[in-house]
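What TrEMBL records for this protein:
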{"type": "ACT_SITE", "residues": "E91", "note": "active site, proton acceptor"}
{"type": "DOMAIN", "residues": "97-339", "note": "domain 'Radical SAM core'"}
{"type": "BINDING", "residues": "C111, C115, C118", "note": "[4Fe-4S] cluster binding site"}
{"type": "BINDING", "residues": "G165, E166, S197, S219, L220, H221, N301", "note": "S-adenosyl-L-methionine binding site"}
{"type": "ACT_SITE", "residues": "C344", "note": "active site, S-methylcysteine intermediate"}
Amino acid sequence: MTVNLLDFDLEGLTAFCEQLGEKRFRAVQLFRWIHQKGASRFDEMSDLAKSLREKLPSVCSITGLPVLSRQDSADGTIKWLFDVGDGNAVETVFIPEDDRGTLCVSSQAGCAVGCRFCSTGHQGFSRNLTTGEILAQLWHAEHFLRQHLKSSERVVTNVVMMGMGEPLQNYSALVPALRVMLDDHGYGLSRRRVTVSTSGVVPMIDRLAKDCPVALAVSLHAPNDQLRDVLVPINRKYPIAELLDACLRYLPAAPRDFITFEYCMLDGVNDQPEHAAQLLELVRHHGGRGVPCKFNLIPFNPFPDSGLKCSPRPVVQAFARILSEAGIVTTVRKTRGDDIDAACGQLAGDVMDRTQVARRIAAAQPIRFVHPAKE
Ligand code: SF4
């Protein structure tokens, strides 16, 4: 098996080039061809020495993920289903808005955290994605969209690690992928526009602050440990107080001066005024000075056997009002791509329904990798 260059951040690619007897500037050239121009073949890299262009195909490749399907919504949302082998697939969603284009990226096939309201969690864990598989989602989407929209500008302006999986449980693959997203020779995204969403893997929040601080979103979903132990089982290991302490430790390194708390609205479970009051108590007084934060309320997207229902709209609005009137910036997540079922998960329109993934895999024949420009 040859080396896949999508697996490398610039440092890794430099080391690989040095093994081939090439200088760092060659790694920079290669890196720019791959990530900025979307090249998948070495013979199109016109400024590389001919001898290197001829040598590279025998030792490495630029290999994206096979596309099982692409769905385009009337509102511009696009969802790809990528084959990651052994019957597993991951989903990636592009959500265009007036002032940005957000790509929701998966980090694992399945998820081991097992959140009660999450269809991915219900399907269990298959495996971690590699750095190359995480980046292939962005590489494919960005260069497909540039072709599709006939744009010479960057189309994906924001990345949210909120697709399938708990990104901080795939830390060693995640961090090089984040570095490529941020690298000026790569996608050149600002740290404020790359968000890692976590269910609360406390030690890894601390490591991320040191290794690659980007915007942080925390899936809170409950205002007390008793309820969160049930909804987000990792809470039994890292309870709310420890999680909020980690948020406070993260903030000095963070590119934003607040943490985003995601909160899935579940009818009669966590959506009552007393839950909002408990949340306020938590975020205003934790650690004596509180946790600077925003809340993002997410209408639950029901799936078979969840046993849960979405809170009625007036209940969501009343909940949002309690937080807003207390001075906490609170948004209610809009559903996007309804006609293509893009909001098939619960976090950020984002967690993917592997039941549907499995069904579509059964219906779809994997196709050979097609370069994004030719999809
Ligand atoms: S909500 Fe996120 S962390 Fe929880 S089970 Fe789903 S994918 Fe995993």
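Positions of Cβ are set from backbone N, Cα and C atoms, glycine also.
Structure coloured by features recorded in TrEMBL.
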residue : record                               : Cβ contacts under 8 Å, 6 or more apart
G165    : S-adenosyl-L-methionine binding site : V90, S106, S107, Q108, A109, G110, C111, T120, N128, L129
E166    : S-adenosyl-L-methionine binding site : S107, Q108, C111, A112, V113, T198, S199, V201, I234
L220    : S-adenosyl-L-methionine binding site : R228, I240, L243, F261, E262, Y263, L279
H221    : S-adenosyl-L-methionine binding site : C115, F117, R228, L231, V232, E262, Y263, C264, N270
Note down the number of other Cβ atoms within 10 Å of the Cβ of C111 ([4Fe-4S] cluster binding site), including every protein chain shown.
27
Which recorded positions from the set E91, S197, S219, N301 come within 10 angstroms of C118 ([4Fe-4S] cluster binding site), judged by C-alpha positions?
N301
Between N301 (S-adenosyl-L-methionine binding site) and E91 (active site, proton acceptor), how many Å separate their Cα atoms?
16
Listed binding-site residues adjacent to ligand 1, that is, members of C111, C115, C118, E166, S197, H221 whose C-beta is under 6 A away:
C111, C115, C118, E166
Whole-number Å only: compute the distance from the Cα of S197 (S-adenosyl-L-methionine binding site) to the Cα of E91 (active site, proton acceptor).
16
Pop the Cα-Cα gap between E91 (active site, proton acceptor) and S219 (S-adenosyl-L-methionine binding site) into the table, whole Å please.
19
Using DSSP reduced to three states, classify S197 (S-adenosyl-L-methionine binding site) as helix, strand or coil.
strand
Neighbour count first, Cβ atoms within 10 Å, every protein chain included; then name which of C115, C118 tops the list of binding-site residues.
C118
